[in-house]
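If you check Swiss-Prot, you get these features:
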DOMAIN    14-196  domain 'tr-type G'
BINDING   Asp26, His27, Gly28, Lys29, Ser30, Thr31, Asn143, Lys144, Ile145, Asp146  GTP binding site
Amino acid sequence: MLFARRLEQLKDLNRIRNFSIIAHIDHGKSTLADRFIQICGGLTEREMSSQVLDSMDIERERGITIKAQCVSLNYTATDGKTYLLNFIDTPGHVDFSYEVSRSLAACEGAILVVDAAQGVEAQTLAVCYTAIDQSLTVLPVLNKIDLPQAEPERVISEIEDIIGLDAQDAIRVSAKSGLGVNDVLEALVANIPPPKGDVHAPLQALIIDSWFDSYLGVVSLVRIVNGSIRKGDKMRVMSTGRAYEVDQVGIFTPKRTKLDALYAGEVGYVVAGIKEIQGAPVGDTLTLDRNPADKVLPGFQRVKPQVYAGLFPVSSDDFEAFREALAKLSLNDASLFYEPESSEALGFGFRCGFLGMLHMEIIQERLEREYNLDLISTAPTVVYQIVTQKGETLLIDNPSHLPPTPQIKEMYEPIVRANILVPQDYLGPIITLCVERRGVQVSMTYSGRHVSVVYDIPMSEVVSDFFDRLKSVSRGYASLDYNFQRFQIADLVKMDILINSERVDALAVIVHRDSAHSRGKLIAEKMQQLIPRQMFDVAIQAAIGSHIIARQTVKALRKNVTAKCYGGDVTRKRKLLEKQKAGKKRMKQVGHVEIPQEAFMAVFQTDKKK
């Protein structure tokens with residue numbers, strides 16, 4: 001059998017180690033995970049591929065981890081004992097921080113991977129603090145030690161100064177070549193505490209993740225805190241009280257491997273033929289029907305979406321398939337929020353909430369690839385707080401739902417606290433960018449070559465292309481982490497886009513009054529380039545209320561109707577031109593302008609001059 005000494009380990013919880021790998025994007029988490037699998041024999045050389053845990057095509061193409069993946073491995077340490085290692089490879093991007101906090105809840109320790117050339121970055125900091133808050137043992141590891149530009153001594157002092165961890169004994173590795181990886185495994189066994197739990201107590205299992213399988217139904221990734229669960233048991237989902245018979249339990253090695261039972265301290269999967277998509281929500285507790293636990297395990301704090309956008313199927317026939325696809329995806333991604341929405345321009349669709357712009361791109365790409373849907377997305381917006389003249393407080397995530405201007409007393413916009421870590425050489429351009437985006441400096445701290453700059457910036461300025469601009473002005477060296485701080489009063493207006501004098505509800509945006517003119521002009525210019533020419537002039541206007549602030553015209557395609565007139569009277573030519581003019585006028589009244597997807601995205605991409 002795969003785990004010959006498994007039962008012996010499980011009777012002795014001291015032989016189990018549960019840990020996560022945390023790091024900034026591109027610091028080598030997934031490569032280090034590959035080496036662990038190779039050393040512990042999880043896969044043969046033939047089955048190995050790079051980024052073996054990044055199972056989605058999008059993850060491999062973009063070189064990022066989106067979904068946390070769990071693997072159980074056997075490792076024989078130098079003390080001669082065989083340990084069961086359950087580890088979770090987590091995402092590094094700020095948009096997927098919720099995925100990281102869920103993974104950490106199932107662990108007793110974490111490996112903090114830091115690039116020996118690039119050093120500590122803002123997201124490393126954020127994730128590391130989450131791990132420390134959850135009382136995990138954090139092991140610092142310096143990766144890419146074989147690079148000529150690696151500076152381990154500088155990075156060790158950065159870890160100590162910026163994060164506050166003792167990093168003198170940080171293990172130096174090269175995940176690519178495998179150098180020092182065995183030392184990491186030994187340090188894990190020696191330093192990370194074993195799980196606490198009682199195999200004989202009533203079952204308490206925390207659902208870390210769930211996804212929908214077309215054949216098996218809902219598959220739940222669980223951490224068994226107390227008790228045990230085996231095939232044939234009747235389990236109960238504690239939030240709903242519904243009971244299901246367990247069809248299959250097992251672990252990932254990283255291949256899905258069936259087992260007879262899962263015991264306290266283990267991380268594995270449970271299949272119970274749950275067909276309804278919300279049957280086993282993430283963060284819920286599973287127990288046994290015959291001997292239930294008294295208490296529900298503390299779950300996860302629900303995360304609030306930061307960015308909202310409308311998603312609409314190009315063909316209205318796909319609406320039901322789209323609804324089903326969103327339901328399946330929201331099971332796998334608990335941070336995705338959606339509700340039905342209708343638009344005059346785009347028909348029926350859904351208003352979706354995301355954690356950030358990358359999250360939104362990934363969700364749209366997954367829906368299109370995995371469920372073969374053709375979608376149009378509207379410009380993303382954040383949540384605004386409105387106080388009406390009657391004293392009511394409203395939260396608005398869609399500009400077309402904004403009350404008429406006379407009814408609005410005050411408008412508040414969300415402010416985020418952005419923590420930017422940047423080398424001193426690029427500090428000037430970063431400050432300029434933050435001021436451009438209406439940022440207010442909170443603090444600035446120098447540590448070694450890096451500066452930690454903290455700004456309060458309106459969220460609407462951050463969620464557009466702030467991250468890309470930050471990377472471009474700092475040549476990729478700056479890193480960003482941000483979280484919601486408060487709502488702040490602001491002079492905001494709703495800007496409508498009119499195509500041939502018709503308001504297109506899906507193109508409306510809420511902007512700051514000071515930047516409305518420049519923003520309206522930019523959007524109109526961009527739309528002029530993107531909307532294809534018609535047989536009649538197309539007027540593109542940006543308006544605040546009834547006041548037009550910008551206009552561009554897409555000139556008509558023109559047929560030379562006088563070409564057939566050779567010589568002859570000028571009145572003949574004039575008659576043909578008048579006839580053409582009348583035809584174009586009539587066409588303009590009934591003509592329909594197709595707006596391409598790029599035009600919807602132009603509304604938010606033209607945020608400021610590039």
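Quick reminder: no glycine exception, Cβ is built from N, Cα and C everywhere.
Since the structure is predicted, the reported quantities are computational estimates derived from the model, not experimental observations.
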Of Asp26, Gly28, Ser30, Ile145 (the binding-site residues), the residue whose Cβ has the fewest other Cβ atoms within 10 Å: Asp26
Other CB atoms within 10 A, centred on Asn143 (GTP binding site): 30
Cα-Cα distance maximum in Å, computed over every pair in Asp26, His27, Gly28, Lys29, Ser30, Thr31, Asn143, Lys144, Ile145, Asp146 that the record assigns to GTP: 18
Model confidence over the domain 'tr-type G' (14-196) (mean pLDDT, whole number): 75
